[in-house]
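*Asks:* TrEMBL lists 442-462, 474-497, 503-524, 617-634, 664-684, 696-717, 733-756, 823-848, 884-904, 943-962, 1011-1031, 1043-1065 (among others) with the feature transmembrane segment. TrEMBL lists 897-1048 with the feature domain 'GPI ethanolamine phosphate transferase 2 C-terminal'.
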Amino acid sequence: MKRLLLMLLLAWLSISFYSGIWLFMSGFLLMRIELGNQSQCSSPPSAAPHLQDARCWFPQRFDKAVIVIIDALKYDFAKYNPENDNPKPYENKLGEIHRLCSAQPRHARLYPFRADPPTTTMQRIKGFTTGSLPTFVDLGSNFASYAIQEDNLIHQMVSNGKRVVFMGDDTWDGLFPKKFYKSYFFPSFNVKDLHTVDDGILQHLYPTVDGGDWDVIIAHFLGVDHCGHKHGPDHPETAKKLMQMNQVIASLIEHLDDKTLLVVAGDHGMTDTGDHGGDSEKEVTAALFLYSKAPLFAEQLKTEAPAVPQVNLVPSLSLLLGLPIPYSNLGGVIDDLFGWPEDKVSALLSKTTAYHINVQQVARYLDSYSRAAGDLPAEKLRALADLFTSLTSEYEQLMSQRDQLSEEELEIHLQRILQRQQSYLDQARHVCMESWARFHPMHMLMGCIILLTSCFFCYIIAEAGSVLSLPYKNLLGYPLLFTISVTSALGLAVWTSGLALDLVTVCAAATLIFQISFYFNFQAKKSSPSRRQTHPVYLLLSGPCVVLLFRCCSLFSDSYVVAEGSVAPFLLTSLLTVTVVKLHWDGKLLLPTFTPLGSESLKPSLTPAYRRDGSRLMWLLAALGICVRLSGFFHNCREETPDCQPSSFLSPLSSIRDPDIKNVSYVFCVVFLGFMVFLVRKWLQHYGNLNIASPLVLYVRWGFPLIVLGIACYWAVSSGTEDSLAKLKELTHLALVACPRAIYAMAGLGLLLILWNPITVFMKSRVSDPDNTVTTYRGAPSSEAELQHVIPQIYRKMQRTLKSRLQHGGEGEDGKKGVSVEAYGLGSVYSAAMVITLSILTLVLILLHSERMTPAFLLLLLEAVIILHIHGHVTNLYSEGVELFSVPWYSVLAWSLAATQNFYSTGHQPVFPAIHWNSAFVGFQEGHTNNIVPALLVAANTFSANILFSAGSCLLLLWPFLCEAPTGRRRKGKKEKEGGTEDEETPMMEMRIREDPDRFSVALLQLGTKYLFIQGVQLLSCVCAAMILRRHLMVWKIFAPKFLFEALGFAVSSLFLLLGIALVLRVDCAVSNWFRNLTLQQNR
């Protein structure tokens, strides 16, 4: 099989997965870019000549405000129906709101309060403080914190001298760190606790209001929300909590004066089961109650108040309190609040002016956002810009001519402008909402389908067998031409019909067309008489399938995702233990008994004798259990596990205050690092790959110690305190930059040397028998087929010559002398290149982590070696000849589980706060000029386990050849049994690959597709969990982050899987050239 076809197939499968991920993300993740611009009183978006006396953008109406947020206050909870004689537990409990609205209609009003999805508390707080449409992924400048970076109400209050006092949900502490004049935070995670937060607020609320040392009070109650989660809305506990909130509102009103505005709002609603997070009507409909002892509204409403979008509260509060509207606001003012002058024309003029300021602010934001991002439709933006220009011109013209118009004419003009202003704000918000704040179910479903079909293709290719030797034009060329033709025809048809078709839909259609055409072409070639091959669908009935199915189904459980770091090690050890037990069950660990006639019988005797492999496997399982247990000491914790304490090893050495402990820790870290390099060199030396004086071997001998020295120096400098190094500040800063960059350069040099010449074979000529090269061809091989036939013969002859020289003191068995060639390290030439590459990657990844995480990486490498040894022993006991070329499913699954387990064991969690952001500045103390380098460094730190295990996955194919037993490779044909020779008993190790290079290429492809299949199935499970549970309470806290990390981990794993296979193919090419040159030399 051609190397190009192998890489093209794997690349195509990876791209298919990427297409599915991208398509799903376009429908699931709600994304926008955060702008850092901020509004200021001194810089209004547009000057209003008749408001020159205003201190800020608009005349201030209230000096103070009390904002009461009742979490999950559904509109049905606040609405009162006096005719309802048999109310449900959540109905008619807020009687104070109804009393005030009825008795004082110009002072109090209740609105339906429309929230934008996702309806989670954190996103809703962002919504009614920024006025924008927050999403799950807000791309801002600071990824390490949940803190709101863009302009918001809290920032404007503090910047303009307001004393803001907060009490309640501690989520605000993370969103607005160190912003409050006074704060009383209470833990909010335990949804079963109905009273701690509310009682804590009530303890401070009334004394604070009466004390007067405040301008704005924000109280966030959680009892109603927790009642919904614990009991549901239709429960007596919900009724009790609502009655408590009713008493809070009644008591607060008694403490307010005429210059204070009371705002009571719910951040979201809830479903009938008490959940929220999605976009259903019950989830997005909250309640908003406004009250003031001074008249607040110009007239009394005769019908129910219209629904108010949640973002409209931001500009309304800003102008009422005399503050600038936050820069990123998309809401429109609540016009009822700005019609307070008695006469109708003055009220209209006040409303129009407030709307004019609002429109100018929104237009300024859209202009800035469109320059920074391109995710808003250009045509709709142009239409909005034209409407804005027309509005501004009409308003300014009316203001300049208003003294010349009668009241009736002025009223008509103002009404028309007011309607157009409201239309502009509605359209602007609608355009942004379409892009940011709506799920796209069809995109999500199509993404799932593409991921599912990609997994299916991985499976059928992994089980295809000899059909994979088809030329690449049959497997990929024809489907590609067909896809281009059909997609072009469909695109032309859609374009001529005038229908709108986005790029995502086009890519999805192209991907599906290619997959369908590939499948039919693949099946047609596979089912041809010459290539028909039956494969039992055994995967669904095997032990690995049970483990994989359990893991995938468990990803639908939020508690499993939280505890995955503890479950993955259990699954790994259980899978390998069951594999070894099955080996014993099948009798593979028993020595065969012999009948008197000498024929072998696998039937055990009464006292069966066991192979030495059995005891070795038991020791390996015990060692694996120890490594897994020790790696648990390097864990990190999630917010959902408050009793968990993060490992102290996650903190750097500089955090240790005791100098003696710091020095001892530093020495141990350096020792562990040196021990890793020592083990790698001993392994290479054991297999004879350190004998040649090539640049790569010299790099291993001297480059590895230099990298260790550079890392040790960097640790020494970075762990010192600033006071102790104050006199050497410039030199310290230079070392913090120079050492990591030197290590990056050394690592890059090593990778280039591997690509240039990965051969680590020492060739030596000696005097021996003249028949030094056995070949059936005269002269040098003239074709690749001839060379493939020659290579195994050359290697066997080298083995016989070396063995004969050892037995006969330097001469051949017959005493004849000639020139012979001895090669050291040829049997492990493939694995040596992989081990050197993985060692380089490991050293760089250790540099990106905390110093005290070095033992975790040592355990990772030891665990990988143990898995490889178990796999090698099991494969050699089961395999017969060519079966060595097939990597079983259990090994690939164990390798994948080890990657997952070590993701957690290197101090990571699939949540954004657990990301090690400091790794972005290793070697870049002064920051970055772009986002690419820090993103690569953070990704390398986060997915270090994925990188190492995916890049080293080819060792699963190579390792059994290294573990090949000397007497375990006899062929079973009759001729071989009768006349077996010493050549057949001598292990060829990795040179057996050269006996069938096409089979080796197919084995690499099957290994790659198996690994992609397992990773893809796990990704598909996360995608389905996020889609199905998108209205789950924890979707944005657990399932969405898990999906993102799984998707990014898959991208990293697939990329390094391709690079690892490409490296093996590069070594294979170099080995072919090495033997070709050797043959040419021997025939001169």
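Backbone N, Cα and C define each Cβ position, glycine as well.
Annotations in TrEMBL come from automatic prediction, not curation.
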*Asks:* Among the recorded stretches 442-462, 696-717, 733-756, 1011-1031, 1043-1065, which has the greatest number of Cβ pairs closer than 8 Å to the transmembrane segment (943-962)?
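*Replies:* So the stretch in question is 1043-1065.
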*Asks:* Taking the transmembrane segment (442-462) as the reference, which of 664-684, 1011-1031, 1043-1065 gives the largest number of Cβ pairs under 8 angstroms?
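*Replies:* Top-ranked stretch among 664-684, 1011-1031, 1043-1065: 1011-1031.
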*Asks:* Using a Cβ cut-off under 8 Å, which residues of the same chain at least 6 positions beyond either end of the transmembrane segment (823-848) come close to it?
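*Replies:* For the transmembrane segment (823-848), the sequence-distant neighbours (Cβ-Cβ under 8 Å, at least 6 residues beyond its ends) are 673, 676-677, 680, 683-684, 687-692, 696, 700, 704, 707-708, 711, 714, 740, 743-744, 747, 750-751, 754, 758-764, 795, 798, 854, 857, 861, 916, 919, 922, 937, 940-941, 944, 947-948, 951-952, 954-955, 958-959, 961-962, 987-991, 993, 1060, 1063-1064, 1066-1068, 1071.
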*Asks:* Counting Cβ pairs under 8 Å to the transmembrane segment (1011-1031), which of 664-684, 696-717, 1043-1065 comes out on top?
*Replies:* 1043-1065
*Asks:* Which bits of the chain, at least 6 residues beyond where the transmembrane segment (1043-1065) starts or stops, bring a Cβ under 8 A of a Cβ in it?
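*Replies:* Tertiary neighbours of the transmembrane segment (1043-1065) are 3, 6-7, 10-11, 14, 17-18, 21, 25, 28-29, 137, 754-755, 758, 830, 833-834, 837, 899, 903, 910, 939, 942-943, 946-947, 949-954, 958, 1001, 1004, 1007-1008, 1011-1012, 1015-1016, 1018-1019, 1022-1023, 1025-1026.
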